[in-house]
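Student: Straight from TrEMBL, here's the annotation block:
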DOMAIN    475-587  domain 'DUF5941'
REGION    337-356  region 'Disordered'
TRANSMEM  216-237  transmembrane segment
TRANSMEM  285-312  transmembrane segment
TRANSMEM  407-427  transmembrane segment
TRANSMEM  501-520  transmembrane segment
TRANSMEM  532-558  transmembrane segment
TRANSMEM  564-583  transmembrane segment
Amino acid sequence: MTALLVPSGANTEEVLRDVARKLRAAGGAVALVAPDLVIAQAALVPIVDDPFTGTALLVQAIAGSGDTRVRHHLVNSVGSSHHRVTAPDHQFVGALVVSAIDAEVVAHAIESMATAVSSGALGSQSELGIDPVQLVAVAIVRSGVSCRAVELVNVPWFRSPADLDAAEQAVAAVSAERIAQLQANRLDDGFYSTFVVRKLSKPITRLAIQLGLSPNLITVISLFVGLGAAACFALGYRWPVVFGAVLLQLSLIIDCVDGEVARATRKFSALGAWLDASTDRVKEYLAYAGLAAGAMVLGSDMWPLALILMVIQTTRHMTDYDFSRVQRMREAKVEPRDVADPDDGAAGGAGGWTSGDRSISSAMELSARMNGRSAIRWFKRAIHLPIGERWLIISVVAALFGPRWALLALFVGVSLALVYVTTGRILRTATWHGLAPAAAGVLLARQFDGGPIAALIARTLPVGARERIWLMPSAWAIPALLRLVELGFVTILVLVWQQSLVVLAFWWVAVFTFHHYDVLYRALQGYAMPRWLTWLGLGWDGRTILLLFACVLGASIFKSTLSIGAGVGALLFVVVASVQWLVTQQQANNNPVPLNPAPLNPAERTGKDGT
């Protein structure tokens, strides 16, 4: 339960010290709302009634002005009458929340701010003004804690309005239901999802809320619709494939509904995020299998392409998540800074990067300027080929030309997107210098998935070297490269040596792909796969060596290894791992302190990654 404070008083120093005391004594999250803020209560829900928000500020985007700078959904500078902000792009609304985990650090920073006020380091009371909530916001950012930006979109609000009655009327003109719908929207969807899928999902979302359907139930419904689409694709003939294409789009629409319902009703859970994201991958890769089976019915063997597609897309997804999180940790991180310093320390690097290589920095700055143009921004989002665009290719091409051409078209699109995205990330990585924050190394190390053999080799390295590997600028690519080595090895082995086993190899790769997504999503939510579970599955290194030995022993042994390995892997990593995760989440609900205090961004909280 979040405690609510409305700090007020003529003595700013005393108000700040009182806030610090209450933060320490609360034992939970504490929300602060400025006493002169006029805003609908429903607009404050993400701040005062969302256990997954973490420490956050309620802000509104204002191009080229404001008193707050936001990078990668995180606040990294807030201003006041004394504190300057380099390249501001948001306005602080006047409401914030401090998580229990950050309370002590933030309270200390607030006390330092109070001391600066009393000593006159920030100017006189008359110069400073009496806005303790603004100073608390500055203290939060200067403390160095991770502070999320909660975006306020199309909702009126006022601070100390000259005409209070008019302000209250303007606020009352927007209903709580409308605000809930706005909060259910995502700000970073792809082009197709934003302009088509979301338009279709909204009526279903309203109906689901009226019926009281839970987000997790909606996720399961979407899964079964997706399974139906794959089954129709597998029949191969025109009208079943057309029906499958329609079902796949319906599954995508329902898949948006669960996230919208979760955001509108504030029903978030780590389990829901894991279930939602995992079923997205299951549906997509089963669609590949269905298309390959359907093409086989019509006389075309497309299983090799379906297998290659799964490996490429899995590798791409790993980089999507890891690069995004590491980039945010590097570029939006805020080092602790003296609360009395009028400068925010970002001069010359407010764009989110610094680099000694002028040509690369110029390229990134050009990209940032182009992103400011709406048409170019949407075009770039589309060529990233997120889930909406991929499923659109599958549905349209399959319905018009059949399963074979759907897989071919998707392969071309995915390959081009991979080249484009990877090139951009390499250029961006070249602008990073030094080691990443420790949290980035922990996130990546949790995805190593090494077995006993890898652990033995790792012990031969100095402890410092093992840690530094995960903190290098390019470390975000390591988990994806490990997945590519493991899954690519079995793919090449089968395609070059035993093409008759390609279907069996597809299911082997599918099982361990599910496992790798499980490892990824746990890491994103602050958890690690238990070592006993990883080692029972031999780790990526053990499985690769096992297949190599099986290959040496002959085709029949290799086939048996694929069959038995896929079965055991499914039992271990789909059944046992899922049960273990459910038990872990039940324990976390009884003791709701996350293992990793980094707040989830809006996509990660609901499993909607846009990829």
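Cβ coordinates come from backbone N, Cα and C, glycine included.
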Student: May I ask for the residues of the chain that lie six or more residues beyond the transmembrane segment (407-427) and have a Cβ under 8 Å from a Cβ within it?
Tutor: 288, 291-292, 295, 302, 305-306, 308-309, 312-313, 315-316, 319-320, 323, 360, 363-364, 367, 383-385, 389-390, 393-394, 397, 476
Student: Which of 285-312, 501-520, 564-583 shares the most C-beta pairs under 8 angstroms with the transmembrane segment (216-237)?
Tutor: 285-312
Student: Taking DSSP states H, G and I as helix and E and B as strand, how many residues of the domain 'DUF5941' (475-587) are helix, strand and coil?
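Tutor: Grouping H, G, I as helix and E, B as strand yields 103 helix, 0 strand, 10 coil.
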Student: Average the per-residue pLDDT over the domain 'DUF5941' (475-587) and send me the rounded value.
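Tutor: Over the domain 'DUF5941' (475-587), the predicted model scores a mean pLDDT of 94.
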